Amino acid sequence: MGKGLEGTAARCGLGMGYLLHSVVLPALAVLGASRPGSAAQDDDFFHELPETFPSDPPEPLPHFLIEPEEAYIVKNKPVNLYCKASPATQIYFKCNSEWVHQKDHVVDERVDETSGLIVCEVSIEISRQQVEELFGPEDYWCQCVAWSSAGTTKSRKAYVRIAYLRKTFEQEPLGKEVSLEQEVLLQCRPPEGIPVAEVEWLKNEEVIDPVEDRNFYITIDHNLIIKQARLSDTANYTCVAKNIVAKRKSTTATVIVYVNGGWSTWTEWSACNSRCGRGFQKRTRTCTNPAPLNGGAFCEGQNVQKIACTTLCPVDGKWTSWSKWSTCGTECTHWRRRECTAPAPKNGGKDCEGLVLQSKNCTDGLCMQAAPDSDDVALYVGIVIAVIVCLAISVVVALFVYRKNHRDFESDIIDSSALNGGFQPVNIKAARQDLLAVPPDLTSAAAMYRGPVYALHDVSDKIPMTNSPILDPLPNLKIKVYNTSGAVTPQDELSDFSSKLSPQITQSLLENETLNVKNQSLARQTDPSCTAFGTFNSLGGHLVIPNSGVSLLIPAGAVPQGRVYEMYVTVHRKEGMRPPVEDSQTLLTPVVSCGPPGALLTRPVVLTMHHCAEPNMDDWQIQLKHQAGQGPWEDVVVVGEENFTTPCYIQLDPEACHILTETLSTYALVGQSITKAAAKRLKLAIFGPLSCSSLEYSIRVYCLDDTQDALKEVLQLERQMGGQLLEEPKTLHFKGSTHNLRLSIHDIAHSLWKSKLPAKYQEIPFYHIWSGCQRNLHCTFTLERFSLNTLELVCKLCVRQVEGEGQIFQLNCSVSEEPTGIDYPIMDSAGSITTIVGPNAFSIPLPIRQKLCSSLDAPQTRGHDWRMLAHKLKLDRYLNYFATKSSPTGVILDLWEAQNFPDGNLSMLAAVLEEMGRHETVVSLAAEGNY
C-alpha cells in the first residue's frame, strides 16, 4: 500500500500534507476498523498525527543517518530496530510489507542546531512471537520510511531471524595414528545454525592459532591440517562451533604420532671367547635409532649376530736330543748341538731355554801350540783377489743384460706406434713396415659415423648426416647406412662414397652460412620472437609468445596493490640451458623463464607451455624442474605426488601443461618412462630448397618434439636458408622401446632422378631422439636429376620407428630456378600481440568473477561450492592446493582462463554454473553479452 501511495504522489505532484489527509489517513482508518477491538487504539493513532503538514518547502529528501541492522533473537529476548533520518517529519517502520502501528514506535524528535533541520529517531521492538507467526519462504524483515515535505525515503531491509545452533555436528573429526612427518587431515563440519557458526580447533583444550604455529592450517572448509606430524602433535583435538546462541564441542579425536624403531649400527666383533680351540664371536645392535614410540613398530631382525671362531692353542718349544760330539779340532775342542724343534714353539708358546751349542776341551788341557806360517798369508791374499775378479765379471754381465733389455723395450715402443695407423708423435721413429701384417678390413656392411673418430682425418672422409652447416653439430652422432648389395668398398673410394650421401657445398656458401650461424646465435640472446614482456600492476594481464604455445597469465591481484612490475616470459633454445637427463628420461617441454626473479606475488601466476608427452600417467613419471639463476637444476614436484607443502600445481592437458606458481624462475618438464609403452609425440616436417639451379636437390626431414616452439624455430631457420615446406607436418608417436627411427625414400622416377644415397635407408639412434636435448634433429636425402629440364619431383618418404608406428609423405615438388614464394601455413600472422594488460586480458568480467568468488568460496552443505566447480571443470586432481588459497574459486578461474585462452569458452562455463544451480550468475553472463 505504501508503494502505491508514494507512486501516486510522485505522479500527481501533490504535497505530503494533502497526501496524508486525503489518502493515508482514511486508509488507515479503514484498516483500523477492519480489526475488531481496535477502534479506540486507532482514534489515539489519528489524534497523535499532526493536523497540518507543510507543503513544498525548499527542503531536501530525508537522509538516513542510522538504518536498521540485521538482528537475531536469542532465546526469548526481543530485539530493537533503530532508524534516524534528517530532515524528517515522520518515520514509520514497515515489516513484511505491513505498517507498524504508531503506538509501537518510540519517537524522538529534535532540531539540528547546525542545519536547522528536523532530526527524527524511531525505534521498535520485535518479539520472538512476531517472527514465528510469519509464514512463507522469506525471512522476517523491516524497513523504515521517512517523510519530509520533499517526499519519502526508504531505508534498507533489515532481517530479523531467530538464532539457534543445533547440537549435532554434520561431520566430526576422527582419531588417527600417523607416522612421524606425515600429513594429517582432521575433518569437521559444524552443526547447522543461524548465524553460521564460527569454527576453532582445540589441542588439549587450548585454542590452535595457525599464525603462531605454522605447522597447523585451517582450511576454508573448517578442516584442520597438520603439515608434518611431530611428536609434540600427539594430543586430543576438538572442533568447536559457536555463535551468539551457544557453543558446541565435537567428540575428541586423538591423534597419535608414532615412531617406528630403527636399528643402530653394529658394534665391532668381540674377541673369540675361547682361548684354545673352538669358540664364537658376537656383535650387537640396539633398536634405538630411533627407539619406537607411541606404539610404533619394533625393529625387525636380530639384535645379536654370532660367528664361529677357532683359537689355536699355544705350543711350548722343546729341545731335541744332543747330537754326537764332533771330532777334536785344531784348538783342542769339540762340540755338539741341539734344536728347539721337538716341538717348535707355536701360537705364542714359550721358546726353549738353554744353549743350542755346547763345547769342551777334548785333550784334557794338553794342546800343542804351532808358530804362524807364511803360507797362510798367501792363501788369504789369493782368496781376496778371486773375490774382486768375480765382482768385476758380475758387473760386466749385468751391464750387457741391461743394454740388451733396453734395446728390446725400445723396439716394443716403435712396434706399438705402428698400431696407431701412422699418426706418431714427434721425435719417435717410424714404425717398421713388416709389423703391419693385417690390412684394415673394409668389408663391413654398415658405415658408421662418430664425431671424435675423424679428428685426425680429412673432412672429406666423413659420412655426414646432414649437409646444412647452419645447424649446430650433434656430438657423437652415429648413423648407419645399410647397403643392400653387400659389395666391398675399396679404401681409395671412401671419399667418393661419403660424397654420395650429401651434395657438395661451395666454399663461399659454407662461409656465408657459418657467418649466419654466428649472427643468429648472437640474435638469439635478444630474439623478440622468443620473448614477451610488459608492465603490469594489480589489474594483471597476459604475456604471450606468438606461435610458441608459451604464455604467462598474471591474475588480477597477483601484483601487490600499489606496485608495478616489468615482467617477461622467454623460451631458451640453447642446448646449454637444458636440464641434464638420464637414459630413460626425456625433455617434454621447452625451457621457459619468467621474471623478474624474486618478485613478490600475492597469488599464483599461470605459466603455460606445450608438451610432447602422451599423458598416460601409468606409463610416465613426470616431474617439474626449475633452475634459480645459474645454479643447478632442482626437482620441484612429481605429478601425482603432491602434498600440502608442494609450492606448485601442474595441470596436464593433452597438449599443454599449466603451472601455477608464486615463484618466477626457469622451468622445464622432464618425463621418465616407467614402461616401454610410454610415448612422446614427434612432429615430422619436410623441407626443400625454394629454388634450385643445379642438378642436385636436397630434401631435409626434421624429427622434432611436437611443441609449437620447436616447429617455429625450424620454420624460422628454413626461412633464413631459403627453404620451403614441402608437405603439411605430421605427428608420429615415438615409444620408449629403445628402437631407432628409420627414414627411407621410395617411388622415384628413375628415368629422371637418381638417389645419391648408396643405401636403402637411414637411421637416427633412439637416444638422440628420446632425450629431447638435441635441437633441429634431421636427415638429408640428396637426389640428382639427369637434366635441368626436369622441373618436377614425385616420390614417397617413409618415416617409422622400428617395430613401431610410421608416417608416409607423398611429395610432389616443383623444381625451378626462380623462387616461387614461401608459404608457412603454420605461422599465424595474427599472433603478433604479445602483451594484454588489465581486464581485457580475461574472458570473465571482473564483477561476475567477484560474485562467483563470494558465492562459491564459502563451503556449502550440499557441496555446491568451489569443489564442485573444480570437479565440473576437471581440475580436481589435487584439491588441497586450492584449499590453501584465500580464494579457491579465484585460483580455479585463473587456471580456466589459461586453459581457454584466447577464445574463452564462456558458454561451457555458463553450462557448468547452470548445473550447479547458480542461475543468477548465468543471467549475469547473459546481461554482459558474453553468453
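Yeah, the Cβs are placed from backbone N, Cα and C, and that goes for glycine too.
Pulled from Swiss-Prot:
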{"type": "DISULFID", "residues": "C83-C144", "note": "disulfide bond"}
{"type": "DISULFID", "residues": "C95-C142", "note": "disulfide bond"}
{"type": "DISULFID", "residues": "C188-C239", "note": "disulfide bond"}
{"type": "DISULFID", "residues": "C272-C309", "note": "disulfide bond"}
{"type": "DISULFID", "residues": "C276-C313", "note": "disulfide bond"}
{"type": "DISULFID", "residues": "C287-C299", "note": "disulfide bond"}
{"type": "DISULFID", "residues": "C328-C362", "note": "disulfide bond"}
{"type": "DISULFID", "residues": "C332-C367", "note": "disulfide bond"}
{"type": "DISULFID", "residues": "C340-C352", "note": "disulfide bond"}
{"type": "DOMAIN", "residues": "62-159", "note": "domain 'Ig-like'"}
{"type": "DOMAIN", "residues": "161-256", "note": "domain 'Ig-like C2-type'"}
{"type": "DOMAIN", "residues": "260-314", "note": "domain 'TSP type-1 1'"}
{"type": "DOMAIN", "residues": "316-368", "note": "domain 'TSP type-1 2'"}
{"type": "DOMAIN", "residues": "850-929", "note": "domain 'Death'"}
{"type": "SIGNAL", "residues": "1-39", "note": "signal peptide"}
{"type": "TOPO_DOM", "residues": "402-931", "note": "topological domain 'Cytoplasmic'"}
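Feature annotations (Swiss-Prot) mapped to structure.
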| residue | record | DSSP (3 states) |
| --- | --- | --- |
| C95 | disulfide bond | strand |
| C142 | disulfide bond | strand |
| C276 | disulfide bond | coil |
| C287 | disulfide bond | coil |
| C313 | disulfide bond | coil |
| C328 | disulfide bond | coil |
| C340 | disulfide bond | coil |
| C352 | disulfide bond | coil |
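Helix first, then strand, then coil: DSSP counts for the domain 'Ig-like C2-type' (161-256) stand at 3 helix, 44 strand, 49 coil.
Listed in sequence order, the disulfide-bonded residues near C144 (disulfide bond) (C-alpha within 10 Å of its C-alpha) are C95, out of C95, C239, C276, C287, C299, C313.
Each of the disulfide-bonded residues C142, C188, C287, C332, C340 was scored by how many other Cβ atoms lie within 10 Å of its Cβ, and the smallest score goes to C332. Neighbour density for C144 (disulfide bond): within 10 A of its CB lie 29 other CB atoms from the protein chains shown.
Fewest other C-beta atoms within 10 angstroms, among the disulfide-bonded residues C239, C313, C352, are seen around C313. When the neighbouring Cβ atoms lying within 10 Å are counted for each of the disulfide-bonded residues (C299, C328, C362), the highest count belongs to C299. In the three-state DSSP scheme, C362 (disulfide bond) falls into the coil class.
Counting every protein chain shown, the number of other Cβ atoms lying within 10 Å of the Cβ of C83 (disulfide bond) is 26. Highest Cβ count within 10 Å among the disulfide-bonded residues C95, C272, C309: C95.
The helix, strand and coil residue counts that DSSP assigns across the domain 'Ig-like' (62-159) are 8 helix, 53 strand, 37 coil.
Each residue contributes its Cα atom, and for C299 (disulfide bond) and C272 (disulfide bond) those atoms are 27 Å apart. With respect to their backbone Cα atoms, C95 (disulfide bond) and C239 (disulfide bond) stand 38 Å from each other. Straight-line distance linking the Cα atoms of C142 (disulfide bond) and C309 (disulfide bond), rounded to a whole number, equals 99 Å. C239 (disulfide bond) is 91 Å away from C340 (disulfide bond) when you measure Cα to Cα. Here the Cα atom of C287 (disulfide bond) is found 38 Å from that of C188 (disulfide bond). Every protein chain shown contributes to the tally, and the Cβ of C276 (disulfide bond) ends up with 11 other Cβ atoms within 10 Å.
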